[in-house]
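The annotation L-glutamate binding site is assigned in TrEMBL to Thr73, Arg78, Ser244, Thr245, Glu292. Annotation comment: TrEMBL describes Cys304-Cys360 as disulfide bond. Annotation source TrEMBL lists domain 'Ionotropic glutamate receptor L-glutamate and glycine-binding' at 1-62. Taken from TrEMBL, the feature domain 'Ionotropic glutamate receptor C-terminal' applies to 1-355. TrEMBL lists Ile223 with the feature site 'Crucial to convey clamshell closure to channel opening'. Per TrEMBL, transmembrane segment is recorded for 114-135, 194-214, 395-418.
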Amino acid sequence: MMHYGKNFTGNERFYGFCVDILETISHEVGFDYILDLVPDRKYGAKDPETGEWNGMVAQLMKYKADLAVGSMTITYARESVIDFTKPFMNLGISILFKVPESEPTRLFSFMNPLAIEIWIYVLIAYFLVSISIYIVGKLSPIEWHCIHPCDLDNITIGNQFTMSDSFWFTIGTLMQQSSDIYPRATSTRIISSIWGFFSLIIVASYTANLAAFLTTERMINPIENADDLATQTEISYGTLESGSTMTFFRDSMIETYKKMWRSMDNKKQAFTTTYEDGIRRVNQGNYAFLMESTMLDYIVQRDCNLTQIGGLLDTKGYGIATPKGSPWRDKISLAILELQEKGDIQMLYDKWWKNTDETCTRRSTSKQSKANALGLESIGTYVYIYDMAPYLPLGGVFVVLMAGIIVAVIVAFFEFWFNFQCNENAKSLQKNICRFAEEGHTDSECVYIPPKRSFWIEMFEELRYASWCMNKQKKPELTQICGECQFNHGTMD
């Protein structure tokens with residue numbers, strides 16, 4: 001880096017990690033140096049058409065410099081025309097991208113813990129179960145009972161499951177609230193139990209996911225790695241022009257990187273002349289900058305609006321470049337190894353990369369040890385992890401619910417059939433009593449016996465009454481003989 005003030009001259013103009021390393025090595029090896037900038041401000045890349053080199057590589061090849069110090073990557077192409085010392089830092093290529101902004105607060109974000117399809121399925125299940133309870137309650141004879149069992153002149157039976165009461169019972173169970181409606185028949189109790197189990201799973205899943213949403217905030221990046229970057233077209237990406245990163249993509253034989261190079265080569269504006277230009281374009285948004293991890297780490301720790309995407313695309317090192325056959329190569333390499341063993345280079349890295357006075361404070365994404373109090377703003381905060389919600393393990397509970405409804409309908413069918421058979425037997429017995437009365441036994445009681453109907457017609461009539469009289473709890477009973485009252489010679493006991 002450079003000081004651009006008028007008070008800085010000579011080597012004082014330059015400062016940074018590499019300047020400190022060069023200063024330390026000069027003391028170890030014993031030489032003086034003069035720093036200057038390369039005229040074209042490039043590291044050095046070979047022109048594939050002319051074969052000419054530019055940047056610092058060209059200056060060393062022409063013996064216009066004794067050393068090239070900086071973030072100079074050791075590559076095969078460069079090593080073939082100049083020499084490098086032992087690497088003083090290991091690194092790789094990574095992706096610099098802007099931190100995605102959080103979504104705006106939504107009023108109904110409390111519904112986000114469950115996916116929209118889950119809410120729709122729950123609503124459908126609510127209507128299905130309510131109607132099933134209503135129908136099964138009408139079919140089951142156990143749910144019908146005498147309202148005034150001793151009023152023999154107007155015997156009326158009632159059923160608590162009207163259409164509105166069925167919906168009220170179902171929503172009360174879902175909301176974990178009790179009601180004054182209690183199923184009596186086995187079939188209605190089966191549906192109620194299965195619906196209660198279903199409600200337990202849904203409410204527990206919603207509560208657990210809502211708690212996670214209120215205590216954890218995650219931002220979803222549109223890209224996660226280089227493969228995502230290569231397969232999309234909305235986000236532009238590029239590298240530093242005439243650098244080792246550009247050469248890496250240009251010469252790579254990996255299909256993903258070849259595809260990325262074709263995209264960058266077709267868009268000449270994808271390349272930047274300086275790192276600062278690339279960082280500025282990333283901050284503007286919708287642009288990813290492919291750069292070396294050392295520079296990326298330095299930028300990310302000082303700008304909290306930027307982040308690293310994915311891991312390293314390759315592994316390489318920085319070295320100090322010298323012309324071919326330079327006597328300084330081996331001496332500087334030994335000095336680098338000694339500094340690495342003593343930990344001097346690591347201390348310089350910590351000084352420039354992890355200086356707390358310059359690094360920004362990022363919002364911690366680790367698990368919070370203390371839960372926040374829930375206010376209106378917390379309930380309305382939009383922290384939805386959309387790709388997580390559809391995978392809640394709720395599919396099985398819908399299967400259990402459907403199985404329970406089917407079993408309850410089957411049980412209600414057999415309850416109705418059993419009651420039908422009992423009534424038929426009672427009618428046969430009553431016919432015998434009437435015959436006995438006709439023979440002169442006046443003490444016997446004879447009542448009206450309706451004509452015999454088939455089982456299916458009886459069920460159809462019951463369903464027809466249920467569909468036409470949805471909210472009626474009473475209906476007349478003409479054939480039932482009350483078991484709680486007995487007749488003896490015209491008197492009631």
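Any Cβ shown, glycine's included, is placed from N, Cα and C.
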Spatial neighbours of Cys304 (disulfide bond) among the recorded positions Thr73, Arg78, Ile223, Ser244, Thr245, Glu292, defined as Cα within 10 A: which are they?
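So the list reads none.
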Going along the chain, which residues six or more apart from Thr73 (L-glutamate binding site) have their CB under 8 A from its CB?
Tyr43, Leu91, Gly243, Ser244, Thr245, Glu292, Lys316, Gly317, Tyr318
Which one of these recorded positions, Ile223, Cys360, has the sparsest Cβ neighbourhood, judged by other Cβ atoms within 10 angstroms?
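Lowest Cβ count within 10 Å among the recorded positions (Ile223, Cys360) is Cys360.
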Compute the C-alpha separation of Ile223 (site 'Crucial to convey clamshell closure to channel opening') from Cys360 (disulfide bond), stating it in Å without decimals.
24
May I ask for the distance between Arg78 (L-glutamate binding site) and Cys360 (disulfide bond), taken between their Cα atoms and rounded to an integer number of Å?
36
On the DSSP side of things, how many residues of the domain 'Ionotropic glutamate receptor L-glutamate and glycine-binding' (1-62) fall into helix, strand and coil, could you say?
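Breakdown, helix to coil: 24 helix, 4 strand, 34 coil.
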Taking 8 Å from the centroid of the Cβ atoms of Thr73, Arg78, Ser244, Thr245, Glu292 as the cut-off, which other residues in that chain fall inside it around the L-glutamate site?
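Along the chain, the qualifying residues are Tyr43, Ser71, Met72, Thr75, Gly243, Thr247, Phe248, Lys316.
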Would you count the other C-beta atoms found within 10 angstroms of the C-beta of Thr245 (L-glutamate binding site) for me?
23
For L-glutamate, with binders Thr73, Arg78, Ser244, Thr245, Glu292, what's the maximum Cα separation in whole Å?
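This binding site's residues have a maximal Cα-Cα distance of 17 Å.
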Averaged over the whole of the domain 'Ionotropic glutamate receptor C-terminal' (1-355), what is the pLDDT?
87
